[in-house]
Amino acid sequence: MFCYQCEQTDRTGARPGCASAKGNCGKDATTADLQDLLVHAVKGIAQYGAIARAMGAPDRDADRFVLYAMFTTLTNVNFHAARFVALLREAAQMRDRVKAACDASARAAGTVVPAQHGPAMWQPADDLAGLLEQAARVGVDNGLDKVGADIVGLRALVLYGLKGVCAYAHHARVLGYERDDIYEGIEAALAFLARDPDDVNALLTQALGLGRLNLTVMELLDSANTGRFGAQQPTAVRVSPVAGKAILVSGHDLGDLHALLEQTAGTGIHVYTHGEMLPAHAYPVLKAFPHLVGNYGGAWQDQQSDFAHFPGPILMTSNCIIEPMPQYRQRIFTTGPVGWPGVRHLEHHDFSTLIRAAQALPGFPATAAEETITVGFGRHAVLGVADKVIDAVKAGQIRHFFLIGGCDGAAPGRNYYTEFAEQAPDDTVVMTLGCNKYRFNRHAFGDIGGIPRLLDVGQCNDSYSAIRIATALADAFECGVNDLPLSLVISWFEQKAAAVLLTLLALGLRNIRLGPTLPAFVTPGVLAVLVEQFGIQPIGDAGTDLAASLARHAA
């Protein structure tokens, strides 16, 4: 295996990346290699999918399969090697179906389908050993000896950003929202990668194009979330347990949570959120269920402790699963793209097995003293008081805004974000999103003239809200976003964050502080380009960076 797609990748060798029997995320070499081969297979689907679309015959099932398949290869999503063997065979069948449709359309038009090469010609080997042999030839570092580390790193930047785009598009799709132009853009990016591009400018152009596509995808996902569940509202969320039977829901999928709430209504079972599901409490349709009683635990990397102590079953939706510990292995369930060998997987929103487990397990014996945190400051809530915010800035009550958000993780150096937020002066406002918020969301920040100093915008999926808030402020002050008293301090971990970063760069945002370490696939040569064109900066000392941010905008 060779994998360097996440922030926690091995950096102890001469070349960063996980290249042993098991990666730092817990993914074994077999699964990692099969994931590489699945990406290769999906490129082949896209090659013919682009032709089919140009002929006026797009295949919606193939479009959806591409999203799902790519999502399964994100960090901490699916660790089940047997599942990837099945997906590889399904990918070949899907590719052949799209190819047959292309051939039929061409015959009807009296033309022929242009010859395809590379991934479009792949055929799955008969057994696992053969598949692994194939995978060894199509890994992310394929061609390193010919094109060098900079080109391989830029290809990885495009690929990992594309994985994030596909994940966000899948989130929207399962809520019933999808668009042809998004599928077209994803196909085009995959077909681009299928050609093994080796031009720096073409790769950078493609990366920024994906950033623009991801903005469209996040806008669609925002429409999906608000269309299905209403606009977020500021809401106090209980973070201490209530006596009774209990189910814990982690991940990101609001649709799964909604289906579970419907199925548990009237059963006496309490439902708790975990990790990135915390913002669910701000959506009117979801918080209307009285048995959605609170949030339990912290960010995804705390799950082994959180889940072990939770007295009920756990449902893992979308990404962020870690190897289940023996204390809860028999009471954790997966759904959607998530998978772990030996863990029961639930399909089609049928949560009856999960509910029976909750009824059999003890639940919380007593109600603890109430503690709350406040969420729900999405774009509708913040822009609804925009006049008040603008007046506070003009009056000198608000000096600066910080967006401190992104993915959390267990690596050393992430206390930087806690220190940065807690040291922010009292005349500044901190916006946050993603699970990075758990680093400081129990700190008492207070308010400025009734405006909370800590504004929880939502999930990492809600980056669109943060962008809309920033652009609305820029419009109000008749300036560019880069001219606002606003600093972006971003924590990254996996490929959704890579997609969001590309979106910020595509929008022309500069001087982003990124950490806790820079992506391993960003070579010194690529970093030099990003620094020159976008002013990207690695994080340093929290106090020093905070002072520099305030000084830059005060100058």
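The backbone N, Cα and C atoms fix where each Cβ goes, glycine too.
Feature list (source: Swiss-Prot):
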BINDING   C3, C6, C18, C25  [4Fe-4S] cluster binding site
BINDING   H252, E276, C320, C407, C435, C460, E494, K496  hybrid [4Fe-2O-2S] cluster binding site
MOD_RES   C407  cysteine persulfide
Could you list the residues of the same chain, at least six apart in sequence, whose Cβ is under 8 A from the Cβ of E494 (hybrid [4Fe-2O-2S] cluster binding site)? Q5, C6, E7, L74, T75, N76, G164, N319, C407
Looking only at DSSP and grouping its letters into three states, which state does C25 ([4Fe-4S] cluster binding site) belong to? coil
C3, C6, C25, C320, C435 as binding-site residues, winner by CB count within 10 A: C435
Taking DSSP as the reference, which of helix, strand or coil describes C460 (hybrid [4Fe-2O-2S] cluster binding site)? helix
Minimum Cα separation from C18 ([4Fe-4S] cluster binding site), reported as the residue among binding-site residues H252, C435, K496 that achieves it: K496
What same-chain residues, at least 6 away in sequence, bring their CB to under 8 Å of the CB of K496 (hybrid [4Fe-2O-2S] cluster binding site)? L74, G164, A167, Y168, N319, C407, C460, N461
For E276 (hybrid [4Fe-2O-2S] cluster binding site) and C25 ([4Fe-4S] cluster binding site), what Cα-Cα distance in Å is obtained after rounding to a whole number? 18
For H252 (hybrid [4Fe-2O-2S] cluster binding site), the same-chain residues 6+ apart in sequence with C-beta under 8 angstroms from its C-beta are H171, E276, M277, T317, S318, N319, C320, Q459, C460, N461
Cβ-Cβ neighbours of C407 (hybrid [4Fe-2O-2S] cluster binding site) (radius 10 Å): 27
In whole Å, how far is C435 (hybrid [4Fe-2O-2S] cluster binding site) from C25 ([4Fe-4S] cluster binding site) when you measure between their Cα atoms? 17
Candidates C18, C460 (binding-site residues); min other-Cβ count within 10 Å returns C18
